[in-house]
Amino acid sequence: MTSIQPKIILLFSGKRKSGKDYVTDLMQRRLTAEMCCILRLSAPLKQQFAKDHNLNYEELLGCGQYKESFRADMIRWGEMKRQQDSGFFCRLAIQQATQPIWIISDCRRISDVQWFRETFPDRTKCIRVEASEQIRSQRGWNFTPGIDDAESECGLDEGMKFDWIIGNDGEGEILNKQLDELQASVASQLDLNSQQNIQPDS
Ligand SMILES: Nc1ncnc2c1ncn2[C@@H]1O[C@H](COP(=O)(O)OP(=O)(O)OP(=O)(O)O)[C@@H](O)[C@H]1O
Ligand SMILES: C[C@@](O)(CCOP(=O)(O)O)CC(=O)O
């Protein structure tokens with residue numbers, strides 16, 4: 001497990017091509033890379049999958065067709081691992097974190113949310129990135145049975161109360177305004193945490 005205790009964890013989720021990577025990159029830039037890291041639950045999954053199957057890990061991390069052609073196989077492999085240990089990828093993903101703010105950019109399952117909430121209570125915020133199907137199609141999405149109707153894409157459609165919902169239909173100004181608000185909320189949460197850590201003089 002990582003040696004650093006995070007001050008706040010932002011768990012991002014959203015459908016394929018909703019813009020999770022795009023939005024989390026913008027958020028990290030605002031919070032600075034010194035203070036905030038982006039962690040992906042799928043990174044250790046893709047790394048091991050690439051090794052086992054002699055594939056290109058960097059390409060699997062990207063947003064192109066290469067990744068999409070292995071998605072169904074990666075989902076199956078990852079679910080097998082999660083059945084054995086539901087926190088497996090969560091623990092691996094946080095190993096390298098050194099900053100106090102963590103962005104998890106690809107949360108997909110209730111079990112992932114539960115793991116973070118149980119391991120880091122009071123510090124975990126859940127954020128949904130949303131975009132219309134039309135916009136997602138323009139970004140390269142097309143409905144794939146077995147993927148877009150399965151847990152990997154629908155696991156958080158129900159039974160979740162999100163702290164924030166970010167609309168990412170491509171209007172830069174509208175997105176920036178939402179990120180302003182999220183950034184302000186993170187800042188006030190950090191302030192609150194540091195005040196609570198101050199021990200009064202006796
Ligand atoms: N607000 C935006 N303005 C312009 N381009 C965007 C915006 N949001 C996303 N994109 C572009 O859409 C594409 C998909 O976005 P991104 O990779 O962030 O989605 P994702 O939800 O992480 O996708 P997936 O997990 O399915 O690969 C990228 O090329 C990205 O640059
Ligand atoms: C295999 C999987 O991790 C791929 C995720 O890829 P991406 O977050 O869309 O880049 C999805 C899953 O875990 O269900």
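Including glycine, each Cβ sits where the backbone N, Cα and C put it.
Long-range C-beta contacts of Gln178 (ATP binding site), restricted to its own chain and to partners at least six residues apart, with a cutoff below 8 Å, comprise Trp164, Ile166, Gly167. Marked as ATP binding site by TrEMBL: Lys15, Arg16, Lys17, Ser18, Gly19, Lys20, Asp21, Arg139, Gln178.
Neighbours of Asn168 (substrate binding site), defined as other CB atoms within 10 A of its CB across all chains, total 24. Annotation comment: TrEMBL describes Asn168 as substrate binding site.
Here Lys17 (ATP binding site) comes close to Cys63, Ala131, Arg136, Ser137, Arg139, Gly140, Trp141: these same-chain residues lie at least six apart in sequence, with C-beta atoms under 8 angstroms from its C-beta. Between the alpha carbons (Cα) of Lys15 (ATP binding site) and Asn168 (substrate binding site) lies a span of roughly 11 Å. Calculated from their C-alpha atoms, the gap between Asp21 (ATP binding site) and Asn168 (substrate binding site) amounts to 11 Å.
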